[in-house]
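Database features, via Swiss-Prot:
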{"type": "BINDING", "residues": "Gly40, His41, Thr42, Gly43, Ser44, Gly45, Lys46, Ser47", "note": "ATP binding site"}
{"type": "DOMAIN", "residues": "3-245", "note": "domain 'ABC transporter'"}
Amino acid sequence: MGIALENVNFIYQEGTPLASAALSDVSLTIEDGSYTALIGHTGSGKSTILQLLNGLLVPSQGSVRVFDTLITSTSKNKDIRQIRKQVGLVFQFAENQIFEETVLKDVAFGPQNFGVSEEDAVKTAREKLALVGIDESLFDRSPFELSGGQMRRVAIAGILAMEPSILVLDEPTAGLDPLGRKELMTLFKKLHQSGMTIVLVTHLMDDVAEYANQVYVMEKGRLVKGGKPSDVFQDVVFMEEVQLGVPKITAFCKRLADRGVSFKRLPIKIEEFKESLNG
């Protein structure tokens, strides 16, 4: 098992008049090698879970297990520091994580910070920059001279240079044009196919259907539904009640079903819809 949350509660500014409960009794598992989506509105607890997975936060109650490391309210930073190498966290606007004077130095910083030699760190940085589609001609440029999309790729390369087993993505395509979004999602798909565990926060149900093999639905700090996307999206009424909706093709087929068209199961992808027509 890759990750397990057991009865996790999290309270921001605990013990103060401003205390605010972000998570209430959340239990979930993320299997090694899976592609898991977390969905829910702003304030539902998704981003808090991501920071718990990476060890940036510790639970107020309950536990988070990442491989062999158990994180509880009493865990110290020195005991969970290694998790940040195993679990790479890409924030919503990842380009804000950039700070070095050149692209290559920025990507090499993380491995060096964990004791990798400069030579090996630079070699890894070159490999990861190539992987995310940054041309070698840009390696010695200031990252702040690049476009927003390029800066985001550099930031992601910096996370990948740490060689994480799990990649945690908080709305990674926010603000990108359709082409840039598609290219990044294709990259994450390839990383998953290579064996990496992916955890994705997104508000795009079509991306959940296309890429994820597991989805958890969060609402007001609680886990309210979970399972395979093909199962979760069958409950169109529930998904509309929580104001998240379903993939476009699923919504279309639900309207057809309401008018008498028969489906064994509502398709969640275009390919499934085509197969249902041919079947």
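All residue numbers here begin at 1 and follow the chain in the order shown.
Quick reminder: no glycine exception, Cβ is built from N, Cα and C everywhere.
Residue with the densest Cβ environment among the binding-site residues His41, Lys46: Lys46, by other Cβ atoms within 10 Å. A count of other CB atoms within 10 A of each Cβ picks out Ser44 as the most crowded of the binding-site residues Thr42, Ser44, Ser47. The 10 Å shell around the Cβ of Gly40 (ATP binding site) contains 25 further Cβ atoms across the protein chains shown. Sequence-distant neighbours of Gly43 (ATP binding site) (same chain, 6+ residues apart, CB-CB distance under 8 A): Lys220. Neighbours of the ATP site: apart from Gly40, His41, Thr42, Gly43, Ser44, Gly45, Lys46, Ser47, residues of the same chain with C-beta atoms within 8 angstroms of the site's C-beta centroid are Met218.
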